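Peer 1: Feature annotation from TrEMBL assigns signal peptide to 1-26. Annotation comment: TrEMBL describes 264-664 as domain 'Acyltransferase 3'. Look at TrEMBL and you will find 304-328, 348-370, 420-439, 451-472, 492-517, 537-556, 576-596, 608-626, 646-669 tagged as transmembrane segment.
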């Protein structure tokens with residue numbers, strides 16, 4: 001296909017989409033009110049309270065699929081609605097069923113009555129997933145004994161109302177008497193509780209010891225700033241690693257040194273990026289039990305809505321920032337020079353990578369640990385296990401994928417799918433640390449290495465998209481995570497999450513770092529840049545124009561058949577975003593320009609917020625599960641409810657992140673640093689002062 005034909009098809013698709021909004025969408029809205037609800041739940045609490053001598057109170061979550069019937073006008077309307085990729089599939093339904101009520105509906109059918117499996121059971125990717133995840137003894141027992149009863153019960157009601165038939169599958173069942181009977185001590189949960197007790201004891205002892213050291217200071221000035229300065233003795237640093245007071249000052253104190261001041265604007269960029277991502281994650285609500293799914297479908301039925309959905313590239317700002325700081329800190333630290341031997345290079349590599357891992361590891365480990373143990377006890381409701389059980393199962397079986405930052409290659413069976421970014425970021429950090437070691441030892445190859453990486457940053461995602469015939473950009477659809485895993489999301493699996501498709505973010509950050517280092521050391525370059533930046537307004541205008549352009553083109557290309565041109569857009573869109581949307585603000589503000597934007601990004605409130613951003617991102621989805629997963633009935637969504645959930649999530653995340661920083665992230669990071677300092681000073685004379 002030549003480029004002219006591609007452009008012609010692009011504009012044709014854009015026009016057809018506008019026509020769809022004007023006419024087809026109206027027809028779909030007219031028929032949608034007659035569709036069966038996506039979620040129909042019996043009263044959960046009433047069901048589990050009713051005692052019966054026949055069987056314990058049991059509540060089951062049933063997944064059902066409407067069976068095709070071409071003679072039915074309703075079925076034809078459902079098919080037409082399903083054909084649009086940003087709509088829910090109304091032939092895939094969930095029912096919360098009280099088993100006692102179902103027995104009454106079918107006239108207490110005997111348990112030994114069975115039907116041929118092909119008549120009512122479902123065997124596909126969704127039910128295989130449910131069967132693997134939901135495998136508690138009661139689930140298996142009810143599937144064996146009451147599958148036909150529940151099938152007949154639901155069909156009796158569904159056929160009467162819609163004149164259509166269902167196939168059903170029991171996802172899971174709950175019974176308070178059974179749960180109590182099989183309750184046993186979970187070793188992982190027991191260890192977690194003991195860990196928390198030990199952690200709190202360490203914090204208390206470390207805080208008191210830190211205060212004791214402060215009282216021994218005779219100089220009033222030293223006592224005043226005691227918590228703000230690191231202790232010199234490695235042993236004292238180890239013992240005060242968990243000090244609540246000292247870690248609080250680490251969280252809140254201003255930056256010291258020229259480097260911290262020069263990059264203080266990054267706090268604003270990181271904070272705004274975090275707020276956007278957290279708000280975007282609020283769309284996790286569309287995978288829960290909603291009463292009015294048209295609230296989310298409306299986003300996919302307008303150009304503006306699709307452009308809003310097509311903003312997954314926002315997360316690239318974090319990779320650009322990471323690449324920038326990695327380059328600047330590595331270069332200014334002079335860890336490797338052309339005269340450094342390879343053994344020393346290997347030691348530097350291990351130390352830097354291990355330091356990065358130790359920043360992630362305790363917090364990620366805590367997230368996994370909470371998911372596999374106590375989260376199941378923090379809520380209940382018809383849909384609670386649907387939301388939390390995958391994390392419990394996959395956390396127990398594949399915890400090592402999260403801890404060793406490999407889960408972005410195994411997204412279907414991972415804890416908290418959004419943590420793919422942490423794995424991809426860590427893998428890129430490892431790669432670019434190797435790159436920095438190489439170009440520091442052989443500086444003559446720097447331009448060649450950067451050039452090769454630039455080509456690969458475009459070539460790899462282009463080829464992946466073209467060979468696998470993927471969509472050019474990843475846009476979340478209502479059906480994509482509705483069943484607990486990423487379904488029909490090849491673009492997410494193969495184009496969005498692998499680190500090798502995101503080489504451009506770190507590379508742009510590295511180049512921004514190169515510019516900063518030259519700018520800070522070269523007066524002539526500074527003068528030249530200041531002259532050019534008199535016209536910075538034009539650079540700033542490029543940022544929103546590029547954002548809108550990439551979002552619009554991406555939303556249209558996803559309706560087109562895969563081709564070399566859509567694949568080329570897949571290779572270019574994130575890299576153009578990195579250069580213009582991320583690179584321009586970073587470079588301009590590195591030159592201390594940007595006027596009100598620069599001043600805004602350097603506000604003190606962003607300093608603390610940015611330091612909390614990692615923990616906020618990490619625990620985001622868990623908070624959404626806690627605040628919404630307990631609801632007994634499908635909940636009605638509105639703009640007020642949706643935005644309110646975003647505000648509640650942000651507020652709770654700030655609280656959780658604050659304590660996670662003080663109790664988990666900072667203590668273990670400081671302990672690791674203190675141990676490294678102690679190792680380096682072994683056998684050397686210690687400083688005289690603590």
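Even glycines carry a Cβ here, placed using N, Cα and C.
Because TrEMBL annotations are produced automatically, they should be read as predictions rather than curated entries.
Surface or core, plus neighbours and distances: that's what I need for these features.
Peer 2: Same-chain residues lying 6 or more positions outside the transmembrane segment (492-517) and placing a CB less than 8 Å from one of its CB atoms are 262, 312, 316, 318-328, 331-332, 408-409, 411, 420, 423-425, 427-429, 431-432, 435-436, 450, 453-454, 456-458, 460-461, 464-465, 468, 470-471, 474, 480, 486, 570, 574-575, 578-579, 582-583, 586-587, 590.
Beyond its flanks by at least six residues, the transmembrane segment (576-596) meets 262-263, 265-266, 269, 313, 316-317, 319-321, 324, 504-505, 507-509, 511-512, 515-516, 519, 526, 529-530, 533, 536, 539-540, 542-543, 546-547, 550 of its own chain at Cβ-Cβ distances under 8 Å.
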Peer 1: Looking at the transmembrane segment (420-439) and the transmembrane segment (537-556), are there 3+ C-beta pairs under 8 A, with each pair at least 6 apart in sequence?
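Peer 2: Since fewer than 3 Cβ pairs under 8 Å link them, the transmembrane segment (420-439) and the transmembrane segment (537-556) do not come into contact.
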Peer 1: Determine the mean pLDDT over the domain 'Acyltransferase 3' (264-664), rounding to the nearest whole number.
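Peer 2: A mean pLDDT of 91 is what the predicted model shows over the domain 'Acyltransferase 3' (264-664).
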